[in-house]
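Record features (TrEMBL):
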- G7, P8, S9, G10, A11, G12, K13, S14, T15: ATP binding site (BINDING)
- 3-220: domain 'Cytidylate kinase' (DOMAIN)
Amino acid sequence: MIVAIDGPSGAGKSTVAKAVAKELGFSCLDTGAMYRAIAWRALQDGVALDDESALGAIARTYDIAFGHVEGDPVPRRVFIGDDEVTDAIRTAEIDRAVSPVSAAPAVREALLDQQRRIGNAGDYVVEGRDIGTVVFPDAAVKVFLTASDEERAHRRVRQNVDRGIGSIDYDEVLADLRRRDAADSSRATAPLRPADDAVHIDSTGHYIEEVIEQICKLAREAR
Ligand code: DC
């Protein structure tokens with residue numbers, strides 16, 4: 001069974017997806033991390049971010065894998081090929097590079113295969129931008145999770161402070177979120193948009209626990 005959680009940057013998708021997966025006993029797949037890993041490889045290799053065929057070749061060549069920190073059921077470690085990039089994909093540099101990478105149709109096509117292969121292997125909570133619309137259009141539960149721009153920026157700053165990586169300047173983070181929303185929503189291939197049958201949840205002003213419970217309830221009802 002697939003629970004698809006889509007929505008803009010900073011809406012709380014990662015926190016919610018991981019908690020829902022833990023509560024339901026599902027695995028969880030962060031597809032944004034996959035685009036970030038491709039962006040990281042491209043920067044390492046000096047590939048121009050508008051060179052679609054070279055970006056596509058990276059996405060077809062490297063397997064992206066997820067791993068566990070001991071004792072934690074949620075896969076938080078990210079690998080591309082032999083390199084662990086768990087922290088390296090969370091920098092402001094990758095935040096900037098990932099939009100053009102994720103807009104490249106050749107990259108999306110290659111990652112679509114990887115995402116379907118992983119998700120079809122069991123019960124998964126899958127988070128991203130096009131999970132309910134393109135990757136798993138038959139998902140049993142589809143959620144479109146949003147929050148106000150300001151709340152999303154505050155949350156992202158707190159997350160970056162906790163992680164010790166990424167920008168902690170509120171105005172910079174807000175501007176970056178808005179820039180990425182615009183890029184994600186306006187790209188030609190698999191733009192960010194809710195599936196027709198998605199349940200919309202606006203988490204502004206709500207405790208994240210309420211959102212988690214609401215999604216778990218939807219999943220239990222869909223079983
Ligand atoms: O969720 P995130 O911020 O880690 O995602 C990183 C980027 O990848 C973001 O700019 C949108 C893009 N993305 C996408 O295009 N499709 C997905 N399914 C997931 C992420």
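Here the Cβ of each residue, glycine as well, is placed from N, Cα and C on the backbone.
No curator has checked TrEMBL annotations; they are predicted automatically.
Within 8 A of the CB centroid of the ATP site residues G7, P8, S9, G10, A11, G12, K13, S14, T15, the other residues of that chain are V16, E127, L145, A147, R152, R155.
Around S9 (ATP binding site), the same-chain residues six or more apart in sequence whose CB sits under 8 Å from its CB are R152, R156, L177, R180, D181, D184, listed in sequence order. Note on the domain 'Cytidylate kinase' (3-220): its mean pLDDT in the predicted model is 95.
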